[in-house]
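Pasting in a structure now, in structure tokens, and then I'll have a few things to ask.
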Amino acid sequence: MGESKRIVLALYLFFFVAYSSFQLLSASSNDAQDAIFYESFDEDYEGRWIVSDKDDYKVVLMGLLGIANDNLAACLLQKFNSVYNDTRGVWKHAKSEGHDDYGLLVSEQARKYAIVKELDKPVNLKDGTVLQFETRLQNGLECGGAYLKYLRPQEAGWKPKEFDNEAPYSIMFGPDKCGATNKVHFILKHKNPKSGEYVEHHLKSPPSVPLDKLSHVYTAILKPDNELQILIDGEEKSKANFLSSDDFEPPLIPSKTILDPDDKKPEDWDERAKIPDPDAVKPEDWDEDAPIEIVDEEAEKPVGWLDDEPEEIDDPDATKPEDWDDEEDGEWEAPKIDNPKCEAAPGCGEWKRPTKRNPAYKGKWSAPLIDNPAYKGIWKPQEIPNPNYFELQKPDFEPIAAIGIEIWTMQDGILFDNVLIASDDKVAASYRETTWKPKFTIEKEKQKAEESVPDSDATAGFQKKVFDLLYKIADIPFLNDHKVKIYDIIEKGEKQPNLTIGALVAVVVVFLTIFFRIIFGGKKKPARVEKKNTAQAETSSSQAGEENEENKEKEETSAAAPRRRTRRET
């Protein structure tokens, strides 16, 4: 690349970064006023986000391994991490790979992470709210979560330093992948006004998680008309209605009736649709002891059957091993082989009649089934009015007082960034445009460039095949006079692999030139014959003979000379 091109590229990158920074600063100044909460992680999280000190990791390991013994779990933890508290993952303030933009990083594998940020004041979700954040799975995602929990006020029963998976939340939102699970969760914890119980309501059709290593932005739009939209990278992936029984499991609005838990099936309730005919009698000719199969008395021995020949004989070619000891190994016996005499015959050895199915076989007798006159159907408890039923015009969202990340992940390299709460989806769209899209564009272009570069092993294999082909072309007999030239081309190509295609083209051109010269250029004009005296003719003939002998010797010497294959003699 020339110096002028480098300068142009540097200026382009400078203006691109400057433009992106200007957009980001503009968004930060303009949109920040409209954002209810925004965390860019440009500054270190310490002092603003609180890392949980909750010591419940032993319980987590016990649950994962199905261990009920407290001492055994502690022992495994010591062997696994040497120190008990090492199961607690370390959060880091780190740059996103390839960018100067910082985020909150999951830095270690197979750890539990818990961190929380309290909001200046609780956020009411009833009038519509937008929840948005970015994640980047820099090392991919095999098993782990990358979701956020939007927590209820501390009065609900939690403390920042003791934040764990039991902390009461209002909404849980974000990607989760492990085993058969691959979805972007949206879970609403909603309080039943009749029972006072908080129930988790899961979105029935959540979108799947993008499993590449690029930055992605997740957006949940809670609209005043009870509609929910889930966006990934600004594109709608799921739409639902909070009050629809088809969209959430279980539905927010419970059914009007339930099965009576106190109802019991009467003792005389008959659920049998068919019963044996009580009036049926076994026929007198029914023989339950008759066998399934009997000997076929009509069968005859095939002609040519060899009664006196065994099916197997001793191998006549087998010999007793020299080191065989009869006292230790026992009497030696030759191995058996199929009797060759039996191959052409219908059979060998004692002939026996085959069996056939017994026409008199009927098996155990049982009375035929008839409709049960006492049949009442399959019993189920009767339905009664649901005491916890309620009607709902809008979800009764609990306010959000904090944002927490609480995950157990086998994967490191998960980066969280640009956490946003806004009251308008236009604000969220503006943040996506200025904070996420420039990074994503750079990452996407880099990914395309990496994918377009051929694999080095595949390239080397291709080049080897090309050079092998070129050497085979050089070995064609009618190219003997041009071998030196062809070998020079091949050797230059081997020394400079980037010339592989050029070497192939050059050899093919030489080959075709010689080929067409042989096909179309072989006819020469007849030489003009002039009369000469006999002495001159004899002298010319003698000289010509000597020249032909010299040329013949040169050709033989050339043919006997070794090929110039410094690297690939075969």
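Heads up, the Cβ atoms here are built off N, Cα and C, so glycines get one too.
Keep in mind that this is a model prediction, so the values were computed, not measured.
Pulled these features from TrEMBL for this protein:
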COMPBIAS  259-284  compositional bias 'Basic and acidic residues'
COMPBIAS  285-299  compositional bias 'Acidic residues'
COMPBIAS  306-316  compositional bias 'Acidic residues'
COMPBIAS  323-332  compositional bias 'Acidic residues'
COMPBIAS  534-545  compositional bias 'Polar residues'
DISULFID  CYS143-CYS178  disulfide bond
REGION    242-339  region 'Disordered'
REGION    527-570  region 'Disordered'
SIGNAL    1-27  signal peptide
TRANSMEM  499-520  transmembrane segment
Which residues of the same chain, at least 6 positions away in sequence, have a Cβ lying under 8 Å from the Cβ of CYS178 (disulfide bond)?
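Spatial neighbours, sequence-distant, of CYS178 (disulfide bond): GLU142, CYS143, GLY144, GLY145, MET410.
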Where DSSP helix means H, G or I and strand means E or B, what are the helix, strand and coil counts for the region 'Disordered' (242-339)?
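Helix/strand/coil tally for the region 'Disordered' (242-339): 4 helix, 18 strand, 76 coil.
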How many other Cβ atoms sit within 10 Å of the Cβ of CYS143 (disulfide bond)?
15
